[in-house]
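Participant: A single structure is presented below for examination.
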Amino acid sequence: MVHYKLSYFPIRGAGEVIRQIFVYAGQSFEDHRISIEEWAAVKPTTPFGQLPLLEVDGKVLPQSHSIARFLARQFGINGKCAWEEAQVNSIADQFKDYRNEVRPYVMVKMGFAEGDLDALSKDVFLPGFKKHYGFIYNFLKTAGSGYLVGDSLTFVDLLIAQHTADILSTDPALLEEFPQFKAHQEKVHSNANIKKWLETRPETQF
């Protein structure tokens with residue numbers, strides 16, 4: 001039996017979609033959570049000095065979206081054809097662009113940097129959120145299935161549904177402009193495996 005080990009910090013962050021891919025597929029995995037204190041010693045041993053890392057029978061794969069794409073293909077949630085897979089990957093790449101754009105706000109909010117959180121919210125996060133969620137919303141409306149691509153769940157549905165849930169828990173008014181995202185989040189999180197995971201996973205702020 002293949003042994004999967006996911007190493008990431010004890011937060012949701014970039015590792016959560018990977019955890020949820022395993023959960024959705026019903027695949028057991030080792031959820032290795034590395035504390036900030038442990039990270040200094042671990043960092044030099046990683047390929048790019050970053051987490052998450054996936055180990056598959058001892059072979060190491062870095063980069064969150066590379067891991068997600070690999071597992072999505074393994075478990076059949078990467079799209080039903082090459083075109084759908086390309087669309088799925090484009091949404092994942094766009095979401096990474098969004099995260100990079102709002103990173104200054106997120107770093108201050110998480111306490112990893114200093115800055116004016118209110119100003120960063122107004123000038124960085126809100127414009128970035130509306131722009132990028134608007135792009136992704138177009139995929140949801142075009143698909144017309146309740147999923148982002150095609151007529152079945154793909155890993156980007158897990159990715160976006162988790163972020164939507166995070167937004168709903170902190171500032172639900174942001175989604176008034178994108179009403180179908182709430183229904184999308186509810187649809188994705190109604191899956192029995194995912195629902196159980198959300199109820200039992202470790203509580204983290206981010």
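Count begins at 1; order follows the chain as displayed.
Glycine is treated like the rest: Cβ placed from N, Cα and C.
According to Swiss-Prot, the record shows the following:
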DOMAIN    2-79  domain 'GST N-terminal'
BINDING   Y8, W39, K43, G49, Q50, L51, Q63, S64  glutathione binding site
DOMAIN    81-206  domain 'GST C-terminal'
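How about a rundown of where these features are and what they're close to?
Facilitator: Taken through DSSP, the domain 'GST N-terminal' (2-79) splits into 35 helix, 17 strand, 26 coil.
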Participant: Taking the binding-site residues one at a time (Q50, S64), which has its Cβ surrounded by the most other Cβ atoms within 10 Å?
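Facilitator: When each Cβ's neighbours within 10 Å are tallied, S64 tops the list.
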